[in-house]
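**Student:** Straight from Swiss-Prot, here's the annotation block:
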TOPO_DOM  1-208  topological domain 'Cytoplasmic'
MOD_RES   SER8  phosphoserine
MOD_RES   SER15  phosphoserine
MOD_RES   SER35  phosphoserine
MOD_RES   THR181  phosphothreonine
MOD_RES   SER187  phosphoserine
TRANSMEM  209-231  transmembrane segment
TOPO_DOM  232-240  topological domain 'Vacuolar'
TRANSMEM  241-261  transmembrane segment
TOPO_DOM  262-286  topological domain 'Cytoplasmic'
TRANSMEM  287-307  transmembrane segment
TOPO_DOM  308-321  topological domain 'Vacuolar'
TRANSMEM  322-342  transmembrane segment
TRANSMEM  345-365  transmembrane segment
TOPO_DOM  366-389  topological domain 'Vacuolar'
TRANSMEM  390-410  transmembrane segment
TOPO_DOM  411-429  topological domain 'Cytoplasmic'
TRANSMEM  430-450  transmembrane segment
TOPO_DOM  451-466  topological domain 'Vacuolar'
TRANSMEM  467-487  transmembrane segment
TOPO_DOM  488-517  topological domain 'Cytoplasmic'
TRANSMEM  518-538  transmembrane segment
TOPO_DOM  539-543  topological domain 'Vacuolar'
TRANSMEM  544-564  transmembrane segment
TOPO_DOM  565-580  topological domain 'Cytoplasmic'
TRANSMEM  581-601  transmembrane segment
Amino acid sequence: MPEQEPLSPNGRKRSEVHYISIPLNRGSAFSPDDSVSQFQSDGFMTRRQSILDHPVGSFKGVNSLSRFATSLRRANSFRNIELNADNERSFFKESNDETYDPDTLAPALDGRRLSVTLNNAGRPRITNLANNDRVSTASMAIHDDDYGSIQNSTIGDSGSILRPTASLTEMMSGGAGRRFTNNDMDSIVVKRVEGVDGKVVTLLAGQSTAPQTIFNSINVLIGIGLLALPLGLKYAGWVIGLTMLAIFALATFCTAELLSRCLDTDPTLISYADLGYAAFGTKGRALISALFTLDLLGSGVSLVILFGDSLNALFPQYSTTFFKIVSFFIVTPPVFIPLSVLSNISLLGILSTTGTVLVICCCGLYKSSSPGSLVNPMETSMWPIDLKHLCLSIGLLSACWGGHAVFPNLKTDMRHPDKFKDCLKTTYKITSVTDIGTAVIGFLMFGNLVKDEITKNVLLTEGYPKFVYGLISALMTIIPIAKTPLNARPIVSVLDVLMNVQHIDEAASAIKRRAAKGLQVFNRIFINVVFVLIAINFPEFDKIIAFLGAGLCFTICLILPCWFYLRLCKTTIKPWERVACHVTICISVVLSTLGVGAAIIS
């Protein structure tokens, strides 16, 4: 089914987007071998149904739990650092050949070439996707819950499972005689689009539904930065602190929408790095790769600090340095686990974070005397302590709004990208309530006694049920275990590429294979050693969060999106939008400088 794309930057209508549906069993996996032509090897191999594939309440069909898990896995794979600054598009080996991960059907830097899969025997070739006269008359229209009516094309290949005479049951199951009874069977959908440069490329269509995108967005935004929000509110005071939180939430929501508009200028753009290249060329992509590296490094360090501080508060006889060293032996093994498993483990991270917030709130209601009580709040301040602390609060209060690095990927992964703005609205409503609520509750409970991590206050305050102390420590221990490996993976991939060991040639000698595997192991261990060493030398959690917020969040979430919009949408931007973007950039540069300076000086 053709679908009209938005207007291009020069105002003309772009070519239509053609969608082609290829039947498959959704509970399938890709073969690693691109060369074979048997159905189970050249496309999709059936596997046993997981318990997650079965409908559970509202979680059924395209929103089944297995689809949520797969969508989360794709979202986690979007966090990557690109070394090839000259590459116009992130996930293309050639000008019109996208690469993807066979397990998640997500774009991947080192994935399988889409053309190889489509060009295997019995598959619609890329050149056929827009040439209906070459497609068999057996093509039919099917209906998908999210895509709507889509052209389902087959090629007249008598030896193919997708031959025109094959029944729908055969196409779905790989053989005759089996009834089409699985409600979770559908199709892989590819689309053929024309970029602003006139090149026609074939891409995988987005797969995530709106609820899945909202879930992935919340998972990106709600992190350990919210644990430092009460301290930020203490530094800024009620008046300025709450005002800054509201402004940061609104501003980052608006810039996320600007990124969405920038993506609409060219349907072949997929990632944040693609926007950087489109706006500033190779230098833009290189800058973004450097920023992403710093962001991942800072996140990994802050997780190690959180681990050490939380256990030290529970077991003060052991130093924070001791627990940081212990964290190395705990977070290093998961780095060797496949992404499919890590993605499921990462769910524990957001569950632990939200669980911690709920526990803290319950503790405040349980305790009747201050400090640590919502019934009898501590004394608080309306205005900042001093100018230095006000500047430090800038980074603390802005760090929790940084999800823009993966927002472009989340939009392009949607079945209906036009719903992305509505998803953002829901995401920011939930995130704003969580973040602002945590800041207010923490500040009321501990007032001017609040520490860099609100959990540390709870662990050091007497009067709560005994199990609370162990529970919070356990939750704070789970978060680094769940998230540190995901922060390390992109940096490890960079080291593997630099050392040319990202792929081990099985045809090489045994010595070379062992050396390559040894380097891969070394890289994974080395990154975690770096996390721990930096955490030991820079042990203050609030300073790390303030630096990430003021230095990186302002750049990635406010300055660059406005700059992208000014460059990529210059022919359609309204005058007031141009002024607003320039004002936002100027104010962000000033606030970022003040915040970074305060974090370094303090």
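Each Cβ is built from the backbone N, Cα and C atoms, and glycine gets one as well.
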**Student:** Under 8 angstroms for C-beta pairs, at least 3 of them, ignoring pairs fewer than 6 apart in sequence. Is the transmembrane segment (430-450) in contact with the transmembrane segment (518-538) by that rule?
**Tutor:** no
**Student:** Considering only Cβ pairs under 8 Å, which range in 287-307, 322-342, 467-487, 518-538, 581-601 makes the most contacts with the transmembrane segment (544-564)?
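**Tutor:** By the under-8 Å Cβ criterion, the transmembrane segment (544-564) pairs most with 581-601.
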**Student:** Let me spell it out: take the transmembrane segment (241-261), skip the flanking residues so only those 6+ beyond its ends count, and list any with a Cβ under 8 Å from a Cβ in it.
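**Tutor:** Same-chain contacts beyond the ends: 229, 232-235, 272, 275, 393-394, 397-398, 401-404, 407-408, 411, 417, 420-421, 424-425, 428, 431-432, 435-436, 439-440, 557-558, 561-562, 564-565, 569, 581, 584.
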**Student:** Let me know the model's mean pLDDT on the topological domain 'Cytoplasmic' (488-517).
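**Tutor:** Across the topological domain 'Cytoplasmic' (488-517), the average pLDDT comes out at 87.
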**Student:** Would you confirm whether the transmembrane segment (467-487) and the transmembrane segment (287-307) meet the contact rule of 3 or more C-beta pairs below 8 angstroms, pairs 6 or more apart in sequence?
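**Tutor:** Judged by the Cβ rule, the two regions touch, with the required three close pairs present.
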**Student:** Taking the transmembrane segment (390-410) as reference, which of 287-307, 322-342, 518-538, 581-601 has the most Cβ pairs under 8 angstroms?
**Tutor:** 581-601
**Student:** Would the transmembrane segment (287-307) and the transmembrane segment (581-601) count as touching if the test is at least 3 Cβ pairs under 8 Å, pairs 6 or more apart?
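**Tutor:** Contact between the transmembrane segment (287-307) and the transmembrane segment (581-601): absent.
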